[in-house]
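Report on one structure; see the data block that follows.
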Amino acid sequence: MRIHHSSATARSDLRKIRNMKTKKQEKNEGEDANQHQSISISRLQACSVHMICGLGLAVAFWVAHNLYSISLVSHPSPTLRLICIVEIPIAILLFSQFRLNPKQCSYFRAVGRSLLALPLGALVNAFGAIFLGAPIGIQHLMKTICWSLLMSSLTFVPAASAFGLSWTHWQRMFALTKPKEPVEFMICIPAHGAIIGAWFGAWPMPLDWERPWQEWPICVTYGAIMGYLVALVASSSVVLTRQGQHHLKRH
């Protein structure tokens, strides 16, 4: 009886172990599927998203100049705040539509994680700017905060809206700079354009030209926006070309 009871217990334990392994495999397969799931987007959608992002910046500058009579040179902080008010909602609302695995992640959840990513991305951009020589002081605090929020909306927020915490996609876009999917190109290229543009825009700051636009973060902001706009055009071209090639291969 004892031998029979022991063998029955052993068989029961084996079944439990098999069930646990099966569940673990299914969980891993589900995670792998989520990581490798691609987001479908048409050429019209890609171009429309980039056009709206670019028009948002243009509208913000137009409103600042024509309605409030301010500019980045004369009033950096209010102008940056106005640009953020226009551009941040555009980035969040647009890129949350292209979220990874929409069956498990609702639109509002994507919006929520974008709002969480906004200050985190701003902190990263602020520390990066200070590390590279941005001025520190109470008189520069508000300008640095507004600039960092703008940079976060151009870099971190679109990625968080679409991919959340998917390390595979973040690694491809920012660590390896090897995007594969159309949405990855739409996020990766403009983000790098903004960062590179800001870096080039910072070059005139230490020069003794004594121009008002050399102040922090005026020239850096102009550089970031110019780099971002150029990258929007480049990103649209890449997506159109790749989508066209994929369409030809299918036929």
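Glycine too: its Cβ is placed from the backbone N, Cα and C atoms.
Just so it is clear, the model here is predicted, and its values are computed rather than measured.
If you look up TrEMBL, you'll see 1-10 marked as compositional bias 'Polar residues'.
Marked as region 'Disordered' by TrEMBL: 1-34.
Here TrEMBL flags 23-34 as compositional bias 'Basic and acidic residues'.
Under the heading transmembrane segment, TrEMBL lists 44-64 (among others). Proximity of distant same-chain residues to the transmembrane segment (44-64), defined by a Cβ-Cβ separation under 8 Å and at least 6 residues beyond the stretch ends, is recorded for 70-71, 78-79, 82-83, 85-87, 90-91, 94-95, 182, 186, 190, 225, 228-229, 232-233, 235-236, 239-240, 243.
Through the fold, the transmembrane segment (79-95) approaches residues 49, 52-53, 56-57, 59-61, 63-64, 68, 70-72, 111, 114-115, 118, 143, 146-147, 149-150, 153-154, 157-158, 161-162, 187, 217, 221 of its own chain, all at least 6 residues removed from its boundaries and within a Cβ separation under 8 Å. Marked as transmembrane segment by TrEMBL: 79-95 (among others).
The transmembrane segment annotation in TrEMBL covers 115-138 (among others). Within its own chain, the transmembrane segment (115-138) has Cβ neighbours under 8 Å at 88, 92, 144-145, 147-149, 151-153, 155-157, 159-161, 198-199, 202, 205-206, 216-217, 220, counting only residues six or more beyond its boundaries.
Look at TrEMBL and you will find 150-170 (among others) tagged as transmembrane segment. Under 8 Å from some Cβ of the transmembrane segment (150-170) lie the Cβ atoms of residues 34-36, 39, 80, 83-84, 87-88, 91-92, 94-96, 98-100, 105, 110-111, 113-114, 116-122, 124-125, 183-184, 186-187, 190-191, 194-195, 198, 221, 224, 228, all in the same chain and six or more residues away from its ends.
Per TrEMBL, the feature transmembrane segment maps to 182-202 (among others).
Away from its own ends, the transmembrane segment (222-241) comes close to residues 41, 43, 46-47, 50, 53-54, 57, 72, 150-151, 154, 182, 185-186, 188-202, 213 of its chain (Cβ-Cβ under 8 Å, at least six residues beyond either end). Positions annotated as transmembrane segment by TrEMBL: 222-241 (among others).
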